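Engineer: First, the structure itself, so that you have it in front of you.
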Amino acid sequence: AGSRLQHEYVPSAHLSAACTCLAWAPPGGGGGGGRPPPPSKDGPQRKKRKSEVVEEDRQLDILAIGTAVGSVLLYSTVKGELQSKLDGGHDSKVNCVRWHQDNGCLYSCSEDKHIVEWNTQTCKVKCKWKGDNNSVTCLCISPDGKMLLSAGRTIKLWDLETKEVYRHFTGHATSVSSLMFTTVKPMNESIPFDGITGLYFLSGAIHDRLLSVWYIRSDRKEKNAVMSFAVTDEPIFVDLTVSEVKEEPVKLAVVCRDGQLHLFEHILNGYCKKPLTSNCTIQIATPGNDGDSTPKPVPILAAAFCSDKQSLLLVYGNTSQPVIEKVSLNTSESHICLIRDIQKVLSLKTEAALTKVKTPVVNSDTKVLVPGIPGHSTAVKTPALGKEKKKNKRKPGETEESIEERLGALDIDVSKVKTPGGLPQTDSFAVLLVQGLESNDAEILNKVLNTRKENIVKNTVARMPIYAVIPLLHELTKRLQGNPYSASLMVRWLKSVFTLHASYLSTLPDLIPQLGMLYQLMESRVKTLQKLSRLHGRLFILASQVAASEVVQDVREVNQTAKLVYEDESSEEEGSDDEMIADKDSDENWDEDEEKEEQSDEQDMTVEKEINGDSDLEPENESEEE
């Protein structure tokens, strides 16, 4: 009633074996049903005792706790101690525990694909059987106690006597998180009731925004859901009022992961094609008047119907210190937002909480002796400070030495220890980049993005977290628009982002608008490329022609006159011989002249080729070179 913590139990092995599921044992050993597993689990006998349970809570004593290592703990809340431990049934995480309403048996299911029936008196396994090909995540006992629903993804209805499957249902695409019966007797009263046929039950699964309702038929034909309820997020807590009379609607309260509560009211009468939407949605928010002007949503953690089926118990706030409140419903409105100042409620609660620390009443006349050395006024430091003193080895008056000074004392060259350029490498580059993008710090970004080393760029992009990819692309786009020099650096980053994060980028639905600016930039740059390359080609031709003409002017004309002529005076007899030699000489001269002409021709050719571009190129390759 005061929503104050009444009892806290920490299992001895709570770190190695975390609690995964809970269920109250029926009070008085049988006949009634557990409270926190929603009341719908149980039959007509259960309904008669509901008021007793509410009035005499002390009757609820034993709590079954499933753990992550496969054991089940039975804890007595009255005695405040662990009563017994059920071991040897499961070798993996227990997903769900359920008490039988009549015979005091306990049923548990686990990740190890098995369902175990426990005898809680002897703490032994009564029966164990394989419930599914995958892990079994949820259980529910039928109102008459003879059948058991189990679910992993598909739902099975077991006969508890023979441990055989009585019916199969399609189930959900993900693992089922809640199962409960919504009716205790069939709507069609003309057919004799066998305890199970004609009943409806409800199931919800993780990551599934539809709760399905299933109908148990006499034949095995139909395996699909007869109707479904649509909510805004995956259901985390479901409670309902069981419909006992034919015309009485089932009331359903579903708490979603987004902190909203949806209320449904529906008479279950056969097939309904469309998913039903909620009659009423409840949200809680802070008033947002003092200090903080914006109202903030307060998540609803759980909700349960009270015994009058009209009012609701709401649990909201944070899980460690929730607020429990009774709310009476007026479902004429489709959306209700309750304003609750959760801060005030919490501060009131913490002030009212009992404290076990007693401060002694000290009279002003008395003299208090402080521990210490006699004759010294200074008090002895607390142990924590003492430890610190030992670690730092410094006197109280001194300031702490810097690391640089300590390194100096150790004779280590500080300059060697520091990283070059004052920046750490690759690992911290990724961290720096993310920090720079988040804080929009131009200085950090300049230091990181102006690196020229290919491998540093690659490693940094590979190590940066996925969420920073899009902000980095925006930053690069911004920088590409500026100085052409910086643009050439940014292209390296772009290249490695696209090669390393292509798979992530391709999953983004709004990728094209995100990169629109970049596309436009690239297109405009590429458009001018052709014109620029033509201009470059022409300028190159002009420059090479100018260079060639300068080379031609520098070449001096070859002087063709003979440097030395030697004539030998000789007798007439030798005249004929001389003529012969002269002929030979003239022949040789003739050859030399030809060679010289050829040489000058070749020179002219090379000059022409230089003018036309590269001397090696054929005319058709010239355009490519340009």
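Cβ atoms are placed via backbone N, Cα and C, with glycine included.
For reference, TrEMBL lists these features for the protein:
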COMPBIAS  567-605  compositional bias 'Acidic residues'
COMPBIAS  613-626  compositional bias 'Acidic residues'
DOMAIN    440-542  domain 'Small-subunit processome Utp12'
REGION    28-53  region 'Disordered'
REGION    564-626  region 'Disordered'
REPEAT    87-122  repeat 'WD'
Engineer: Could you give me the DSSP helix, strand and coil counts for the domain 'Small-subunit processome Utp12' (440-542)?
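Structural biologist: Final tally across the stretch: 86 helix, 0 strand, 17 coil.
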Engineer: Provide the three-state DSSP residue tally for the repeat 'WD' (87-122): helix first, then strand, then coil.
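Structural biologist: Going by DSSP assignments, the repeat 'WD' (87-122) contains 0 helix, 17 strand, 19 coil.
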Engineer: Averaged across the repeat 'WD' (87-122), what pLDDT does the model get? Just tell me the whole number, please.
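Structural biologist: Here the predicted model's pLDDT, averaged over the repeat 'WD' (87-122), is 91.
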